[in-house]
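Undergrad: Let me begin by handing over the structure; questions about it come next.
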Amino acid sequence: MEFPVEKLINTARAARERAYAPYSGFRVGAALLTVEGRLYSGCNIENASYGLTVCAERVALFKAVSNGERNFAALAVISGRTEFCTPCGACRQVLVEFAPEMDVYMCNDRGEYKRQTAAGLLPLSFYLPPAAGGDNPPGGKKPPTRLTEPVDR
Ligand SMILES: [Zn+2]
């Protein structure tokens, strides 16, 4: 399926207008495209207790996951600044959980972007094998093959 990246970026830009950022003034929007072609948007939502603030990327992803989505193709994130808007470390870990191969478009205020996969943004991300009888990993994917090394080198 073809999907214009401009549409993804424009959706993120529109979501940015709904940001709740009274403390930092740093307004961010995100748009998430599922493999099936559905779009979910998110904006950052700050809180007077700063640590409770949630980023736009996680809002979009959590909206999608809570709606039953598990397969993601791309995410765009945009702020109103000239610098490219890159996901924070916490968001990178959350993105890798569901879609390590997903393309992440990190945009500036002009809609220009840098692209990288979610896994590429977080090498050596934290990994925990799913528990027996627990939820299946996203997309029914098997855990990646990992090489083992001898303890003594
Ligand atoms: Zn974040």
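Keep in mind that glycine also has a Cβ here, set from the backbone N, Cα and C atoms.
Note that TrEMBL annotation is computational and uncurated.
Grabbed the feature section from TrEMBL, which reads as follows:
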{"type": "ACT_SITE", "residues": "GLU57", "note": "active site, proton donor"}
{"type": "BINDING", "residues": "CYS55, CYS88, CYS91", "note": "Zn(2+) binding site"}
{"type": "COMPBIAS", "residues": "130-139", "note": "compositional bias 'Low complexity'"}
{"type": "DOMAIN", "residues": "3-124", "note": "domain 'CMP/dCMP-type deaminase'"}
Undergrad: Starting from the Cβ centroid of CYS55, CYS88, CYS91, which together make up the recorded Zn(2+) site, report each further residue of the same chain whose Cβ lies within 8 Å of that point, ordered by sequence.
TA: ALA56, GLU57, ARG58, PRO87, GLY89, ALA90, ARG92, VAL94
Undergrad: Just counting, how many other CB atoms are there within 10 A of the CB of GLU57 (active site, proton donor)?
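TA: Here the count is 29.
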Undergrad: Per DSSP, what is the residue count of the domain 'CMP/dCMP-type deaminase' (3-124) in each of helix, strand and coil?
TA: 40 helix, 33 strand, 49 coil
Undergrad: Near CYS91 (Zn(2+) binding site), how many other Cβ atoms are within 10 Å of its Cβ?
TA: 25
Undergrad: With every protein chain in view, how many other Cβ atoms are within 10 Å of the Cβ of CYS88 (Zn(2+) binding site)?
TA: 12
Undergrad: The residue listed as 'active site, proton donor' to CYS91 (Zn(2+) binding site): how many Å between their Cα atoms?
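TA: Here the two Cα atoms lie 7 Å apart.
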Undergrad: Do you know the mean pLDDT across the domain 'CMP/dCMP-type deaminase' (3-124)?
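TA: Mean pLDDT for the domain 'CMP/dCMP-type deaminase' (3-124): 97.
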Undergrad: Show which residues of the chain containing CYS55 (Zn(2+) binding site), separated from it by at least 6 in sequence, have their CB under 8 Å from its CB.
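TA: Result: VAL28, ALA30, ASN44, PRO87, CYS88, ALA90, CYS91.
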